[in-house]
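Here's what Swiss-Prot has on this protein:
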| type | residues | note |
| --- | --- | --- |
| BINDING | Gly10, Ala11, Gly12, Lys13, Gly14, Thr15, Arg123, Val132, Tyr133, Gly203 | ATP binding site |
| REGION | 30-59 | region 'NMP' |
| BINDING | Thr31, Arg36, Gly57, Leu58, Val59, Gly85, Phe86, Pro87, Arg88, Gln92, Arg156, Arg167 | AMP binding site |
| REGION | 122-159 | region 'LID' |
Amino acid sequence: MRLILLGAPGAGKGTQAQFICERFDIPQISTGDMLRAAVKEGSELGLKVKEIMNSGGLVSDDIIIALVKERIAQPDCANGFLFDGFPRTIPQADAMKEANVKLDHVLEVAVDDEEIVTRLAGRRVHPGSGRVYHVDYNPPKEEGKDDVTGEALIQRDDDREATVRNRLSVYHEQTEPLVQYYREWAQQDPQTAPAYHRVEGTGSVEAIRQQVLTALEG
């Protein structure tokens, strides 16, 4: 089971990724984890990555693809893998195709922008414990206060509406074209292209999970 998980920030990919990885016994691979691991190992590629990151530069697609090929050759990828947040752009997807990285499925978790804004901008956190509330879906007993300690809840900078909308616009600009890319490839070349599935990311976690299973297992 070799798959890519696509979806906007706040679409609930993390919850589904965890379920898929447990179900099929595959690792979840993100570029951030790969880059950190390469730096830690101090391999030739890792030293290159460290140098680029220390100078504040962007790691090139060539290096990322080389890291991907190294990573998926590891023993824990024997049953497959799940790419989360990679590829991010069409050039990265093209580079994966050219590098002959085989994929079985591309799964898009689709959620309307306004629903995502409501989900994320409504989150409130208790800094001391990490307890998470939501002003609509899971409100504290007393507005703005943690149920256990009575201390003030905060809204993380990442969850502010302007920040959420900015992240969504970056997603639509850079990553959403991948949805079209994989959908068209699956239509044009069903023999070699990964199967493309779109799952509605609204409703209960269980209902979404069922859609995911139906898509991946048929």
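Backbone N, Cα and C atoms are what each Cβ position is placed from, and that goes for glycine too.
Here the features listed in Swiss-Prot are placed on the structure.
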residue: Gly10; record: ATP binding site; DSSP (3 states): coil
residue: Thr31; record: AMP binding site; DSSP (3 states): helix
residue: Gly57; record: AMP binding site; DSSP (3 states): coil
residue: Phe86; record: AMP binding site; DSSP (3 states): coil
residue: Arg123; record: ATP binding site; DSSP (3 states): strand
residue: Tyr133; record: ATP binding site; DSSP (3 states): strand
residue: Arg156; record: AMP binding site; DSSP (3 states): coil
Distance in Å spanning the most remote Cα pair of Thr31, Arg36, Gly57, Leu58, Val59, Gly85, Phe86, Pro87, Arg88, Gln92, Arg156, Arg167, given for AMP: 31
The one of Gly10, Gly14, Gly57 whose CB sees the fewest other CB atoms within 10 Å, among these binding-site residues: Gly57
Within 10 angstroms of Arg123 (ATP binding site), Cα basis - binding-site residues out of Gly57, Arg88, Arg156: Arg156
Entry from the binding-site residues list Arg88, Arg123, Arg156 having the most other CB atoms no farther than 10 A: Arg123
Distance from Gly12 (ATP binding site) back to Val59 (AMP binding site), taken between C-alpha atoms, in Å: 27
Distance in Å spanning the most remote Cα pair of Gly10, Ala11, Gly12, Lys13, Gly14, Thr15, Arg123, Val132, Tyr133, Gly203, given for ATP: 20
